[in-house]
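Copied over from Swiss-Prot, here are the features:
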- CYS44-CYS97: disulfide bond (DISULFID)
- CYS149-CYS199: disulfide bond (DISULFID)
- CYS252-CYS319: disulfide bond (DISULFID)
- 22-113: domain 'Ig-like C2-type 1' (DOMAIN)
- 128-215: domain 'Ig-like C2-type 2' (DOMAIN)
- 225-321: domain 'Ig-like C2-type 3' (DOMAIN)
- 384-539: domain 'TIR' (DOMAIN)
- ASN23: N-linked glycosylation site (CARBOHYD)
- ASN43: N-linked glycosylation site (CARBOHYD)
- ASN55: N-linked glycosylation site (CARBOHYD)
- ASN111: N-linked glycosylation site (CARBOHYD)
- ASN130: N-linked glycosylation site (CARBOHYD)
- ASN231: N-linked glycosylation site (CARBOHYD)
- ASN237: N-linked glycosylation site (CARBOHYD)
- ASN253: N-linked glycosylation site (CARBOHYD)
- ASN269: N-linked glycosylation site (CARBOHYD)
- ASN290: N-linked glycosylation site (CARBOHYD)
- ASN302: N-linked glycosylation site (CARBOHYD)
- 22-338: topological domain 'Extracellular' (TOPO_DOM)
- 359-561: topological domain 'Cytoplasmic' (TOPO_DOM)
- 339-358: transmembrane segment (TRANSMEM)
Amino acid sequence: MGMPPLLFCWVSFVLPLFVAAGNCTDVYMHHEMISEGQPFPFNCTYPPVTNGAVNLTWHRTPSKSPISINRHVRIHQDQSWILFLPLALEDSGIYQCVIKDAHSCYRIAINLTVFRKHWCDSSNEESSINSSDEYQQWLPIGKSGSLTCHLYFPESCVLDSIKWYKGCEEIKVSKKFCPTGTKLLVNNIDVEDSGSYACSARLTHLGRIFTVRNYIAVNTKEVGSGGRIPNITYPKNNSIEVQLGSTLIVDCNITDTKENTNLRCWRVNNTLVDDYYNDFKRIQEGIETNLSLRNHILYTVNITFLEVKMEDYGHPFTCHAAVSAAYIILKRPAPDFRAYLIGGLMAFLLLAVSILYIYNTFKVDIVLWYRSTFHTAQAPDDEKLYDAYVLYPKYPRESQGHDVDTLVLKILPEVLEKQCGYKLFIFGRDEFPGQAVASVIDENIKLCRRLMVLVAPETSSFSFLKNLTEEQIAVYNALVQDGMKVILIELERVKDYSTMPESIQYIRQKHGAIQWDGDFTEQAQCAKTKFWKKVRYHMPPRRYPASPPVQLLGHTPRIPG
């Protein structure tokens, strides 16, 4: 009598109920008889609805409390599986899996019977029970064949160290037997090779170790001419990595004799694929093809997954050819670390570009905020007396020099000295009477941290620099030898610097310029306006407290007389 595969949830539709019970539809009840002490899994899937967008819970009737999802608990839910690590006699009972989606609810039940079975104790009364972990397999007399150890567990369980037994004795590699993992190859089969076999495997789950056993009742069978057992060359009980939602076609290649009329097909849960997915045809068997060779025929029958869904993973799809069978198990691909790496680098690059853009756009405000938040009142130890040396054009009388004087001698000190706390040396205001121009520039510029130069389009306004070589040398020394930072302010937009002194051209080329907007209103005399923010940005960090607020200066434009 054929036995259902070990630990495999969709073995057969044992008891189709399809009776509405409350708000859920009972799909079927499956009967399992397992010996105590065994790890036991059961996978709950119902292809019409378990498409990844469902809520799935296990509970033991009559309790409505869900089975724990804590993987350290002996009985727990692992995704769609219920896992017993291991089974105990008191676990006998009915367990229900409830599958809900947005529009429907289904129940699948297992009637679990746990009994005591002693390993290699044939005298025990219960040892003759046909349990779910006992299989019946056939071997062909006079040929070579193989036995299969069926092990289906969730991915959280690691299986290794598979051993084979005949009776109670472990099978070692010999001319007769060749254990190869889940397969036991048997050569020169005769009647004496029938009997009781078993396979055991070590199961590791979260560091805990268990032993899984399958019991196999083997019968031998005479096969004459035309009765050769088909050989499935692919699949080989292997796994296939496939993306969720993709299309997949898998060929089953079978070699068989020309006289054999064996049925070749794909099954899932011991049901023909086309019958199992009759309503949706998402997974279907293809048309069989064959190729005649000298001594045999190569048959190919494929299975097509139009769309791979979550319930397909970890679920065996088996190709059958008479007594031969081989399965595939679909697995989700391992994470593509290259994609994560490229994505991470792209995100980092985007972040870096964004930070650079934000900094370049708001760097003036960022720097000024940082200075105001983390400022220090301690004077720098650089032996400098002034924060900036102000050099501006001298206009002849009866000219527009009144506006320049107002900016330099009134507004500039008002904003930078009184509001911001800087100390300025203004050429034309702070030198001692009778000092030579070259001496003033050369001596005092060395006591300043910045050089602030104001320029206007009129080249004649800089005649004091253009015609006096010593003054140009003093400014040039400050720029080149002392490495002083320069703030160049255009009183009006200067389109052509070619007529300017070489020192001014050098400053413009190396440091750029800030353009004064010509606004003399009281609002423009605030340190928080755009122009003054740019000036403060180029100034050194403020070292002195600002003066108390004073009334801002008004400006009366000069009326030509």
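A Cβ is built for glycine as well, from the same backbone N, Cα and C atoms used for every other residue.
Quick caveat, the model's predicted, so the values are computed rather than measured.
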> Among all the protein chains here, how many other CB atoms are within 10 A of the CB of ASN302 (N-linked glycosylation site)?
Replying inline: 18
>> On a C-alpha basis, identify the one among ASN23, CYS97, ASN237, CYS252, CYS319 that is nearest to ASN290 (N-linked glycosylation site); the candidates are the recorded positions.
In response: CYS252
> So, by DSSP, how many helix, strand and coil residues make up the domain 'Ig-like C2-type 1' (22-113)?
Replying inline: 3 helix, 48 strand, 41 coil
> Between CYS199 (disulfide bond) and ASN55 (N-linked glycosylation site), what is the CA-CA distance rounded to a whole number of Å?
Replying inline: 36
>> I need the CA-to-CA distance for CYS149 (disulfide bond) versus ASN302 (N-linked glycosylation site), whole Å please.
In response: 24
>> Using CB atoms and a 10 A radius, I'd like the single residue among the glycosylation sites ASN23, ASN55, ASN237, ASN269 with the highest neighbour count.
In response: ASN269
> Among the glycosylation sites listed here, ASN43, ASN111, ASN231, ASN253, ASN290, which has the most company in the form of other Cβ atoms within 10 Å of its Cβ?
Replying inline: ASN43
>> Let me check the 10 A CB neighbour count of CYS97 (disulfide bond). How many other CB atoms are there?
In response: 26
